[in-house]
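The structure appears below as structure tokens.
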Ligand code: HDD
Ligand code: HEB
Ligand code: HEB
């Protein structure tokens, strides 16, 4: 493996890992603020217990999210310095906004929330919860605006071979971003919903305590999970339509659509050698004309296949990489414009498939527990716990598809944008040695593995402790005091 491969693996591993924490933080933060609102409005102690219990899990996960985020940010400078120089003038701005605005607001109000339980007026304290959770959403907005700019650069001019921002507004209202943000946030709620259902079912089937709290959590999680999936379908459809215009190769790759079709059929299951871009041996079970509909909202339009797109790309962006030692093994070699087909094809289907599974699991949990029922089979508990994983998996595949589908570009050319604002991934990597990347790859993977173990250990521990772990019964005031300190860390 050369520097490029290692650097890509490193970014992929660390960032997929970061995105295990992110959706749980965002989804839980908003739901916890909602629970606290319910408590302030009704005075029902059930909601207070929910706020404290889920709030604590959110805090543990948030801490991990921050650590994993900080560690992976180093990579921009370390392994992707050429890329960072290229994009710096364009999306340094949203990233700075993320850091300054979102992170300061996040941490300030989170601090006030943690320490303010008995000190701040109830409503002010509640406002802190909302300020914090909305700040996590704002931070998602900025970082997704940056990522969307890589997928579809807008709002820049080319100065001395580098894009320079002309309009921050264009960047923040990039249609790619406006579609990706609700899709991603809905994915966060899918994660939080499944988490609530899984943990609540665990408690309901094991112990006979605090049933009201767990019932309410289960219901909330189930409903949120189902609504989230509906929102994912609507926003995903929008993104699909944009992608046909903005990154036609990514969509052709998602479908392993080798030859241009009119009308184009949607592939459900392909078998044979999906990895071969000429599609010699690929057979596929298809729904006629559905792909045309996904792309253009009608059942007859043409969708371009990989073959034709490769020709177009070659004509526009060249057949060979320039001869340049910085490009390593790729120097002077033909440019492969086809993304990794098995990954994009199956990544797209796993995203949708695991998401659908999460929605089905949510619906099943609601149905099986309707009207006070509670299945006693251990399978119900196991299935609910396994269900926690499904939206995490869907999210990971969504990103893997999105990020690997844009190869070989790290900044994808905008078909209607300024000429020259694009960059090959091979061009973005730092001029460092294999040994250096290998070292950071191994160190980071180990650090993240340790963090993963710690995260699971802590979440399990606090999830099992239940309500007594955050709010001991009122008849034991002495314990209450020490526990509050523990809650405040
Ligand atoms: Fe993130 C924390 C950096 C992708 C959402 N991230 C976090 C921190 C850093 C980063 C330095 C700690 C300080 C802070 O809270 O701001 N994040 C990155 C980098 C990314 C990235 C370099 C991409 C390569 N992050 C990313 C995405 C999203 C978030 C795509 C949302 C959709 N990040 C957050 C968050 C965090 C956070 C919700 C997540 C977990 C957490 O806070 O608990 O604000
Ligand atoms: Fe990214 C890469 C995922 C976000 C930037 N990524 C990458 C990869 C993956 C990912 C898997 C690898 C691919 C290849 O190579 O093929 N992402 C991801 C996820 C997320 C993300 C999961 C969530 C967290 N990104 C992001 C953002 C940004 C980015 C936000 C910006 C800002 N990426 C990036 C870069 C890279 C990546 C720069 C490197 C280059 C390449 O292409 O690779
Ligand atoms: Fe998704 C991405 C569609 C579901 C998560 N998505 C994506 C894309 C598309 C889609 C088209 C790409 C974009 C670009 O690249 O630009 N989806 C879709 C559809 C569906 C879905 C159609 C059906 C319903 N998803 C889903 C789910 C989930 C997801 C369920 C989870 C849970 N995705 C995702 C993510 C991503 C995606 C995370 C990445 C980011 C963005 O947004 O971009």
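Any Cβ shown, glycine's included, is placed from N, Cα and C.
Predicted automatically and left uncurated, TrEMBL annotations should be read as such.
Summarising the annotation, TrEMBL assigns transmembrane segment to 20-41 (among others).
The transmembrane segment annotation in TrEMBL covers 53-71 (among others). With a threshold of 8 Å between CB atoms, the same-chain residues lying at least 6 positions outside the transmembrane segment (53-71) that come near it are 14, 17-18, 21-22, 24-25, 28-29, 31-32, 35-36, 110, 114, 195-196, 199, 213, 217, 444, 447-448, 451, 454-455, 458-459, 462-463, 466-467, 469-471, 487.
Annotation comment: TrEMBL describes 91-115 (among others) as transmembrane segment.
TrEMBL lists 127-150 (among others) with the feature transmembrane segment.
Summarising the annotation, TrEMBL assigns transmembrane segment to 180-204 (among others). Long-range neighbours of the transmembrane segment (180-204) within the same chain, counting only residues 6 or more positions beyond its ends whose Cβ lies under 8 Å from a Cβ of the stretch, are 22-24, 26-28, 30-31, 54, 57, 137, 140-141, 144-145, 147-148, 151, 210-211, 214-215, 217-218, 220-229, 231-232, 235-236, 238-239, 355, 358-359, 361-362, 365, 369, 374, 380-381, 384-385, 387-388, 390-392, 394-395, 398, 463, 466.
The feature transmembrane segment is assigned by TrEMBL to 216-234 (among others). The list of residues near the transmembrane segment (216-234) in space but at least 6 beyond its ends in sequence, with Cβ under 8 angstroms from a Cβ of it, reads 27, 31, 35, 46-47, 50, 54, 182-183, 186-187, 189-190, 192-197, 199-201, 204, 355-356, 358-359, 361-363, 365-366, 369, 391.
Annotation comment: TrEMBL describes 346-368 (among others) as transmembrane segment. Sequence-distant neighbours of the transmembrane segment (346-368) (same chain, 6+ residues past either end, Cβ-Cβ under 8 Å): 187, 190, 193-194, 197, 201, 218-219, 221-226, 228-229, 232, 236, 254-255, 269, 274, 375, 380, 383-384, 387, 390-391, 393-395, 397-398, 400-401, 404-405.
Residues or ranges marked as transmembrane segment in TrEMBL: 380-401 (among others). Proximity of distant same-chain residues to the transmembrane segment (380-401), defined by a Cβ-Cβ separation under 8 Å and at least 6 residues beyond the stretch ends, is recorded for 12, 15-16, 19-20, 23, 187, 190-191, 193-195, 197-199, 201-202, 205-206, 225, 228, 254, 343-344, 347-348, 350-355, 357-358, 361-362, 364-365, 368.
Summarising the annotation, TrEMBL assigns transmembrane segment to 437-459 (among others).
Same-chain neighbours of the transmembrane segment (91-115): 59, 62, 125, 128-129, 131-132, 135-136, 138-139, 142-143, 145-146, 149-150, 165, 168, 171-172, 487-489, counting only residues six or more beyond its ends whose CB sits under 8 Å from a CB of the stretch.
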